[in-house]
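S.K.: My questions will all concern the structure given below.
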Amino acid sequence: METGRGGANSGSGDAAAGARRGEGLGRASPAGGPLEDVVIERYHIPRACPREVQRGDFVRYHYNGTFEDGKKFDSSYDRSTLVAIVVGVGRLITGMDRGLMGMCVNERRRLIVPPHLGYGSIGVAGLIPPDATLYFDVVLLDVWNKEDTVQVSTLLRPPHCPRMVQDSDFVRYHYNGTLLDGTAFDSSYSRGGTYDTYVGSGWLIKGMDQGLLSMCPGERRKIIIPPFLAYGEKGYGTVIPPQASLVFHVLLIDVHNPKDTVQLETLELPPGCVRRAAAGDFMRYHYNGSLMDGTLFDSSYSRNHTYNTYVGQGYIIPGMDQGLQGTCMGERRRITIPPHLAYGENGTGDKIPGSAVLIFDVHVIDFHNPQDPVEIKTLSRPPRPATRPPSPGTSFATTTTALCWTAPGSSPRGSGAGPGGQPGRHDYGAPQEATLGANKVIEGLDTGLQGMCVGERRQLVVPPHLAHGESGAAKRVTGLQAGNTLGRLLSPAQTLARPGPLPFSLPPARGVPGSAVLLFEVELISREEGLPEGYLFVWHQDPPANLFEDLDLNKDGEVPPEEFSTFIRAQVSEGKGRLMPGQDAEKTIGDMFQNQDRNQDGKITIDELKLKSDEDQERVHEEL
C-alpha cells in the first residue's frame with residue numbers, strides 16, 4: 001500500500017514541500033507520554049545536497065513500513081514501484097508529509113509517526129490497527145517542481161570556441177545518462193559511438209534540446225532535466241521510470257549546420273605573396289588533420305612526404321578543393337570542413353566517423369600550373385658598357401648586345417645567392433659552370449640563364465615540368481647539370497645543396513622531391529662564347545696556310561700528341577683560336593687529336609689532317 005491519507009493512495013501527484021535540514025525532527029510529550037510530532041532520524045546524509053524537498057515538490061521515494069514490534073505492514077520494494085507523489089498538499093498522511101520535508105536525494109531517514117499524524121483511532125481495516133504508531137524507513141530518489149527549468153552546469157569549457165550550438169545545428173556528442181539518484185540508464189560510450197542528431201528540430205527530448213544550446217566543441221556539461229521536459233508520466237521502457245528527472249553528463253564532439261560553408265583561418269602569411277593558387281594548379285602541401293574535438297586522424301608529416309595533387313579538379317574532397325584555392329606559397333592555413341563537403345554521413349575508415357567536421361592545418365609548400373613558363377626576375381643589372389666595334393683578335397664582337405646576351409652554346413659561370421644576398425657577394429664557394437643549349441642543365445635553368453649580362457643577378461622560378469618532373473632527384477645535388485640543381489625549393493627554409501656554408505637547413509641526402517618548384521638566385525660571374533655544334537676548336541681568323549708544317553714542330557713529317565697539344569695551346573694563348581668552353585682543355589685537345597689520327601697509330605700525318613669545315617664541305621658534296 002502507499003502512505004496516502006485515509007488509506008492506500010492510488011496514484012502519483014505533484015511534489016511536496018519540506019522542513020529545512022535540522023528542523024522538524026519531532027519530540028516526545030513530557031513524562032513519556034504520547035508523541036506530539038514526527039520523530040526523524042537522519043541516518044544517511046549525502047555529502048552533496050544541491051536541493052531539499054519543499055512543500056509542493058514532486059518526489060519519488062522507496063520505503064518500508066513497520067509497527068513498533070518490527071512487523072512489516074507495507075513496502076514499496078515488495079511492489080517494485082516507487083512512490084511518486086506531491087508532498088505538503090494533503091495527499092500523504094500528515095506524518096509522512098512532515099517527515100519528507102528537507103530531505104536530499106539519496107538521503108535515508110527513519111520516521112516515527114504517532115497515531116494522530118498517521119491513521120488515527122480508525123486505522124486501516126485488516127492492515128493497521130487503531131491508534132498505531134508507524135515506523136517508516138525512507139530513501140529519497142528524486143525531487144522536482146513544476147516550476148523547474150533545465151539546469152546546466154559547465155564542467156569544462158575549452159579556451160578556444162570556434163562556434164556554439166544553435167537551433168537546427170547537427171551535433172555529435174557523447175553522454176552518460178543517470179537518474180537523479182545516480183542510477184545509470186544509458187551511455188553512448190558503451191556503444192562505441194557518438195549520438196548524432198539535429199538540435200531544436202524535435203529529434204531530442206525538449207530538455208536536451210535546451211541543454212545543448214550554446215555548447216562549444218570539446219565542452220563538458222552536466223544537464224539536469226525535469227520529467228515534464230523528458231519522458232514525463234510514461235517514462236521510457238524499463239530503464240527510465242515515470243516522472244523521473246534525468247541527469248546527462250555530455251561531451252560535445254562537434255557541431256555544424258547543413259548550410260555551413262568551408263571556414264578559412266590564415267595562421268601565417270609570408271610577405272610578398274605575388275601569386276595565389278587557383279583551380280588547375282598542382283600543389284604540394286603538408287597537413288595535420290583532426291576532428292573538431294582535437295583528435296588527430298591523419299598527418300602528412302608522419303609520412304615525411306607532402307601530399308601532392310591538383311586543386312579544383314575533384315581529386316580531393318570538395319571542402320579541401322575550395323580551401324586550398326587562394327593560398328600563397330609558404331602560407332599556413334586552417335581549413336574547417338563540414339561533413340557534407342568532406343566524407344558525409346558514412347565517414348571513411350576507422351578514424352573519420354560519419355557526419356564529422358574535419359579541421360586541416362595546412363602548410364603550402366609550393367604550387368604550379370602545367371602551363372607555367374620559367375619566371376624571371378632581374379634583381380640587379382650592371383651599368384651599360386660603352387659600345388665599341390669588334391676588334392681584330394677578339395673572340396667575339398664586344399658590342400653592348402654581345403656583352404649582355406648569354407646565348408645557347410655559351411658557357412656562363414655563376415654563383416647562387418640566397419635570400420638577402422647582396423649584389424656582387426658570392427657566399428657559396430666556387431662558381432658553377434655549364435654550357436647552355438647543350439642539355440647540360442635542367443631546361444628551366446637553361447632558359448633562365450639566357451640573356452644575362454655579366455654581373456647581373458636574377459631570381460628564377462622553375463616549374464617541375466622544366467626541372468626534375470614528377471620523379472624529382474633522389475640524391476642531394478650540388479651542380480647545375482641536367483639531373484642536378486643549384487637553388488632551393490619554393491618554400492621558406494627549404495634549401496637545396498650549394499657548395500660552402502648553407503644559410504638554410506637541409507637533411508642529408510634529401511634531394512629534390514617529385515613535382516617540386518625550384519627557386520634559383522643566380523649571379524653571372526663570367527661567360528665565354530660557345531662553339532658551333534660539333535666543333536671542339538675554332539679559329540678567330542683564317543687558319544695558317546700550311547697548317548701541317550706549323551703543327552710538325554720538329555719537321556719529321558708526323559705530329560705526335562705532344563706536338564699537337566703544344567701547338568693548340570699556343571694558338572689559344574696567342575688569341576688565335578679557342579677551345580670548347582665548359583670542359584677540361586686537355587681532354588678537349590685529346591679528343592681533337594683522336595679525331596685527326598685516322599688510323600689510330602698515335603701520330604698524325606699530312607694525309608690525315610683535315611679541318612672540320614673541309615670535312616663538312618666534303619660531306620655535302622657526297623650527299624649531292
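One is the number of the first residue shown, and numbering goes on along the chain from there.
Cβ coordinates are placed from backbone N, Cα and C, and glycine is handled just like the others.
Computed from a predicted structure; not experimentally measured.
So TrEMBL lists these for the protein:
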- 1-10: compositional bias 'Gly residues' (COMPBIAS)
- 1-31: region 'Disordered' (REGION)
- 56-144: domain 'PPIase FKBP-type' (DOMAIN)
- 168-256: domain 'PPIase FKBP-type' (DOMAIN)
- 280-368: domain 'PPIase FKBP-type' (DOMAIN)
- 374-431: region 'Disordered' (REGION)
- 382-392: compositional bias 'Pro residues' (COMPBIAS)
- 427-528: domain 'PPIase FKBP-type' (DOMAIN)
- 546-574: domain 'EF-hand' (DOMAIN)
- 584-619: domain 'EF-hand' (DOMAIN)
- 592-624: region 'Disordered' (REGION)
- 598-624: compositional bias 'Basic and acidic residues' (COMPBIAS)
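Help me picture where these features are in the structure shown.
M.R.: Mean model confidence of the domain 'PPIase FKBP-type' (168-256) amounts to 96 (pLDDT, 0 to 100 scale).
Residue counts for the domain 'PPIase FKBP-type' (280-368) under DSSP (helix as H, G, I; strand as E, B; rest coil) come to 13 helix, 37 strand, 39 coil.
Under DSSP, the residues of the domain 'EF-hand' (546-574) split into helix, strand and coil as follows: 18 helix, 1 strand, 10 coil.
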S.K.: Quick check on the domain 'PPIase FKBP-type' (56-144): DSSP residue counts for helix, strand, coil, in that order please.
M.R.: 14 helix, 38 strand, 37 coil
